[in-house]
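Asker: Submitted below is the structure of interest, expressed as structure tokens.
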Amino acid sequence: MHSITLWTSLLFLINGYFAMEPIILIHGGAGDIPQNRVKGKLDGVKVAVIAGHKILAQGGSALDAVEAAVLSMEDDENFNAGYGSVLNLRGEVAMEASIMRGEDLNAGAVTLVKDFPHPISIAYKVLTDSPHSFIGGEGAKLFALDKGFTTVPPESLISENAKNALEEFLQHGELGRTEIGMKNEGGVGTVGAVAIDKYGHIAVATSTGGMSGKAVGRIGDTPLIGSGTYADDNIGGVSTTGHGESILKYCLAHSIIKLMENGTDANTATKEAVTGMTNRLKNTAGAITLSKNGDVGIYFSSKRMSWAYIKSNKIFYGIEHNQILEDEYRPS
Ligand code: GLY
């Protein structure tokens, strides 16, 4: 065999031997999810996790995989992100999203996005094409238009469920507590994804409509790096969901990362930080975590949180406490 061919084959073998098993873990929001929304959320997280895993299985990057999973949930009315986002006090959608690359800690985030269906893709563009990390409101719109994104009428993003939830909030809601006790799902369904690709690179994406009845101009945890999203190839990745004001005060995503950096495993770190936040601030949250070795952490202090991940040709998923459902999965 020619020596160049021999070297190429050897490198291919070494690369194959040391390549990580790619994993994607996603959530579809924590909260007091009513029973009539359970099936839609479980179906939705399975579709989204497959969308992300397909990219990883073809050798794609963790960043592209988390974007694809979140895009799928932004298009799905079962989740509070993109189409189906909950409404502010003026009856408008005002969406937020963030994405982070663990290789170099680069991040992109947007907030107060009103007329684009996929805030996560604009956040991704901020990461790749902007000297800044976080752009909001009119600036986010100008940036998105400049990068070729097309607007949609803001009303086209409003679902019946979101209208009902706002109406219910206006009658019975407690400001800032809309994730708790809403019959029509007042603000549960923030979406997020954490992935590790075959090169061991980690990425995280999170997207939300926030909470029903939020003040005009309110910004929550989701676009804040360290609260809603964090990724570091040297440690792991985290996406959070739940009561935004509490998550941002507690820097929940980074709290989990710090625990892992100090030697705590992904599952224990996720449980300790979420429980710590709830004990301290008396509001609920959930988080999903992958360690740099591909260990999974899932925990929520809310009544429910939909989640799913694909590992070793199986989809694992659930929404209740102590529930792990399992389907066979063969990448096509
Ligand atoms: N966690 C979503 C929000 O409160 O905005």
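Every residue, even glycine, has its Cβ placed from backbone N, Cα and C.
Features from TrEMBL:
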type	residues	note
ACT_SITE	Thr190	active site, nucleophile
BINDING	Arg218, Ile219, Gly220, Asp221, Thr241, Gly242, His243, Gly244	substrate binding site
SIGNAL	1-19	signal peptide
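Describe each of these features in terms of where it is and what it packs against.
Answerer: In sequence order, His27, Gly29, Ala30, Phe79, Asn80, Ala81, Thr206, Ser207, Thr208, Gly209, Thr222, Gly228, Thr241, Gly242 constitute the residues six or more apart from Thr190 (active site, nucleophile) in its chain with CB-CB distances below 8 Å.
Spatially close to Gly220 (substrate binding site) yet at least six residues away along the chain are Glu96, Thr208, Gly210, Met211, Lys214, Gly228, Gly244, Glu245, Ile247, Leu248, judged by Cβ distances under 8 angstroms.
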Asker: Within 10 Å of the Cβ of Gly244 (substrate binding site), how many other Cβ atoms can be counted across all chains shown?
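Answerer: A count of 28.
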Asker: Quick one: of the binding-site residues Arg218, Gly220, Asp221, flag those whose CB is under 6 Å from ligand 1, and say none if nothing qualifies.
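Answerer: By the Cβ criterion, which requires under 6 Å to ligand 1, the hits are Gly220, Asp221.
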Asker: Let's check the environment of His243 (substrate binding site): how many other CB atoms sit within 10 Å of its CB?
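Answerer: Looking across every protein chain shown, the total is 30.
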Asker: When DSSP states are folded down to helix, strand and coil, where does Gly244 (substrate binding site) land?
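Answerer: It is helical.
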